[in-house]
Each structure stands twice: as C-alpha cells, then as structure tokens.
Amino acid sequence: MRQRQNVAVSSAAETDRTQNPIPSKSDPQQKKAQSFDFLGSSKKVFALCFAFRIANALLVQTYFNPDEHWQALEVAHRITFGYGHLTWEWEKGIRSYLHPLLFALLYKLLAVLGLDTPWFMVRAPRLFQSFFSAFGDLYLYKLSVILFGHCVAKWALFSQLTNWFMFYCLTRTLSNSLETVLTLVSLYYWPCMRPSSSKLPLESRKWGLVIAALACAIRPTSAIIWLYVGLLELFVTRDKLRFIFLEVAPMGLLVLGLTFLLDRLMYGSWVLVPLNFLKFNFLSAGGDYYGTHKWHWYFTQGFTVMIFSFLPFSVAGIMQSKHWKLSGLIAWVLGLYSVLGHKEFRFVLPVLPIALIFSGHSLAALRTTISANGKGKESSNIHRTCPAKMQVAIFFLLATNIPMALYMSLVHQRGTEDVTYYLSKEVLDGKVTNILFLMPCHATPYYATVHHNLPMRFLDCSPREEKGIPDESDHFMMDPVGFASEFAKNWSLPSHIVLFDSEEKLLKDFLISHSFKEINRFFHAHFKVDRDLQASVVVYGSTGD
C-alpha cells in the first residue's frame, strides 16, 4: 500500500506538471495562456490568504517574544516620532534598520492620516505584516504546485493556514516572520529546488538571489539557509563561474551595499551589521547570556512543538515524495542551529512551512490513492467524496491545532499587552504622567504602544562584560523588596507602577507605604513559562498623599 501511494502521488504530480508546463521564452503562445490562467489562480489564492491573515492578525492579542516590539516597533516609533527606546543591540550595531523602516513608513502614514490612536498603534503593525504573510502563503502554494502539482499544493496551503504556530507567529512583527516570507518567495525562483525537468530563464535565479540577499540583510543568520541552497545550485549549474562571479557576487554586493548605506545614514557612522552580529552571536556566544538549551532541543522540543500534530504527516510526506533536497534543507537548518547554545522557536520558523509542504503531500496521497482507486489522477467525483481516512486526518489536525492557536493567540500571556494598551488610553485622559515597570526586562510593549513622550522606566538586562554578574532585572527578581527599597531612594516618583502578581504579593506593603493603591488588574497566564506563575499584571497608581 505504501508503494502504491508513492506511485499515485508521483504520477499525479507529473500529470499536473505535464498539463501545466512551465512556460519558456521559446513558446510565447503557451507562455501567454499559462500566465493568464496562473495569474487568475494566484489572485484568488492571495485574496483568500490575505483575508485569512487579516483575521489572523486581529486575533493575535498576546505577548510572545520581546523582539516583536523592542527590535521592530520601538525602533520604528523612534524613527517616526522622535522618541522610543533603543536597546543595547543598537548600541553595539548588531541590528539593521532595514526591517524597522518598514514599520516607520506605516507609522508615518498613520500620523499623516491622523490615525495614530491607541487602537491603530496596536493593530496596524500586525495588519501590515499580514500583507507580507499572505505573500508567503501564496508562494508556498506556488512552490508546491511546481514541486508536486495542484492537488498537493492545496493541502500544503491547508497545512500552512491551520498549523497553530504559523497562526500564532507569522503575523507578528518579528524579523523572523518576514524572513520566513522571503525564504518562501526566494525558494520558488531557485532552479535547484525544482524538478530536473523544469526549465527556467536565468532571470529567475537572479530574483532568487536578490530576495535571499534581502533575507540575509534583515537577519544575517538567514545565510545558513542560502549557503545550503547556493551550494546545491553550484553543484547542478553548468556555468559555475558565471553563477559565482556574475550573479552571486554582484547581486549580494548590491543588496548588502545598499543596506550598509542605509545603516550608515541611520546610525550616523559606518556599521557593518552582519560582521557585528557574527562576532556577538557566533564568535563570542553572546546570545548564551539569555539562556541555553541542550543540543537536541530543536529535535525533541522546539521544532516538534511548532509542527505539532502535523509531524507524522510531514515525515510521511518526506518519505513518500523522496524530495531529499528540500527535506535536507530542514535537517541542515535544524542541525546548524543546534550547535548554538541559545535556542528559540522563532529561529527555525523559516523551515516550518517547508515541513508543512510535505504534510500537504501525505494528505494529498490519502485522497488521491483512495478516492481515485489507486490511479495516478483524481477521479471525477473527487470533489464530492472524502475518504474516511482523510476525514479522520482533517478532524485530527483541526481539533488539535485550532484550540491551540486560539488559546495561545487570545489567552496565554495577554496581560502585558492589555496593560500597555490600557495605559495608552489613560495617557490620553491625562491620568498617567510617569510609569515604572517593576518586572523582568522587556516584559511589555513600550513607547510604540503608549505613544506619548512621558517618563517611563524599566529594569535593565543588557549583557555584562563579565559573566556571572547579575543585571538590574536579576537583582529585582532575586530580592524584590530589597531592590525596590533601594531603588525608591533615588527615584522620580512615578504616577503608576506595573508589576506581576507574583512580585506584588511581596511588595504590597512597600507600595502601600509609598502611597500607592491598586487601580487595575489584567489576566496574564494560566501556567508558568520561564519563571514562577505570573497569573496577572497589576497596575498601582499614586494616591498623591
């Protein structure tokens, strides 16, 4: 039965490729007809994906990773409005301004239109990101069509849209989200990733190179992906010298050179971001300051959690399709990132859609094999019937992913988002003049959400030159009462203090003695993540006594 599935899907894919061949310059009529048909299909797919991602963006209301706010929106807010906090990464020059500038343009548009209100300042960036995310979905579909045919592409898109982690993460303003989109778009244009029978003009590969260079400019670690793809292309291309010296070198230098000029303008001095990034994260293991994991974490926990219940389908799809070049990219990325001590879910986000393409392959195999009675193409009643095995598979995937996606997007760790949104509205009413965040560093959004140039203070956690020395945030977490008592000796009295309930229990007497009272409380989480349970976020206001 396994062998029959392989033959069925392979035949179906070959049939699709035969019926929908890739147009070449030598066949203008075919190219014109094919472009017309495919353009219409692309528009429909994009419209569907864009509508879905808009809803997705509106449903994402929780806090996931500080970089979503502190490395993108906070920087963009400073560029546009003249105030916003720059973290230590910008002092060391290990971040490029290319990604934040996208959101700076969005903020400028909101300001010109008079729409820089609390609601739009919170929602607009993710809605903006949903536009790019929809392009990622579209190109996942297009790449799947080229590799395996339309039937597989539909189920690959289904997997992409219903996977809980893609729903949770892709519309967030993380640089990893845009990197994932650029990865999917670029892979579509690389000849080495297509079937050997595919014919592509040289311009296609150049587009792939430009987009890959953009991905590296936004996140230098994206070079891990493109090193693999570039070596594959070098192996299969006939004119290797042309590829290296007339395509890779000029395209890479052009994009990275323009990025250097942009960073020169924004930093005010020459800053080689990729070099500084390499020194800090790879040569000095600076990222380890924020925690490390075992070498196998991505395989046993990280990527496994991300792909979730799609895992068996992805593995089955890899074995059935035997597309080792594409599946090898997943293993390559997971393997190299496993060498680094500091690991995060978002680092391997770009290869999650690739794994979901293989999930689409195995789902299509269920439908093609059973509904078509083992034949290599779909039967005439394929749209009216759904095999029992496929019904079970779809129900299983939806039943496991939808609740997870909604819980993580609407419930888990939403308090820090809600409290900052609340404060932004209180600021407009003149009720807030000075805010102190007595909580672990970067636990909330900041000026980009509050959107008012008032004094605010959070606890610093910049890496120390000497290892083992606690930072300000560490001191507070080790002894909240002692730290707060010492801190209050020299503070500019805040009008509001924000803290987690786990520390509030210890600091309640301190707060009352300094004339503060609780004015609001926001649910945050049902279970702990890195520290003790932080069930709610509490706002204390000065009574003025």
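Cβ atoms here come from the backbone N, Cα and C positions, even for glycine.
Pulled from TrEMBL:
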| type | residues | note |
| --- | --- | --- |
| REGION | 1-30 | region 'Disordered' |
| TRANSMEM | 97-117 | transmembrane segment |
| TRANSMEM | 138-158 | transmembrane segment |
| TRANSMEM | 164-189 | transmembrane segment |
| TRANSMEM | 209-229 | transmembrane segment |
| TRANSMEM | 241-262 | transmembrane segment |
| TRANSMEM | 269-290 | transmembrane segment |
| TRANSMEM | 296-316 | transmembrane segment |
| TRANSMEM | 323-341 | transmembrane segment |
| TRANSMEM | 347-370 | transmembrane segment |
| TRANSMEM | 391-410 | transmembrane segment |
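Among residues of the same chain six or more beyond the transmembrane segment (209-229), those with a C-beta under 8 A of the stretch's C-beta atoms are 96, 98-99, 175-176, 178-179, 182-183, 185-187, 189-190, 192-193, 247-248, 251-252, 254-256, 259, 273-274, 277-278, 281, 328-329, 332-333, 336-337, 347, 350-351. Contact between the transmembrane segment (138-158) and the transmembrane segment (269-290) does not hold: fewer than three of their C-beta pairs are under 8 Å, each pair 6 or more apart in sequence.
Across the candidate stretches 164-189, 296-316, 323-341, 347-370, 391-410, the maximum count of CB pairs under 8 A to the transmembrane segment (269-290) is reached by 323-341. Stretch with the most C-beta contacts under 8 angstroms to the transmembrane segment (323-341), considering only 296-316, 347-370, 391-410: 347-370. Long-range contacts of the transmembrane segment (347-370) within the same chain: residues 4-6, 8-9, 12, 136, 140, 143-144, 147-148, 151-160, 163, 165-166, 169-170, 176-177, 179-180, 183-184, 187, 221-222, 225, 298, 302-303, 306-307, 310, 313-318, 320-321, 323, 326-327, 329-330, 333-334, 337, 376-378, 382, 386-387, 389-390, 393-394, each at least 6 residues beyond the stretch ends and with a Cβ under 8 Å from a Cβ of the stretch. Pairs of Cβ atoms less than 8 Å apart link the transmembrane segment (241-262) most often to 97-117, out of 97-117, 164-189, 296-316, 391-410. Outside the transmembrane segment (97-117) by six or more residues, the chain places 71-73, 75-77, 79-81, 124-125, 128, 173, 175, 178, 214, 217-218, 259, 262-263, 266-267, 451 with a CB less than 8 A from a CB of the stretch.
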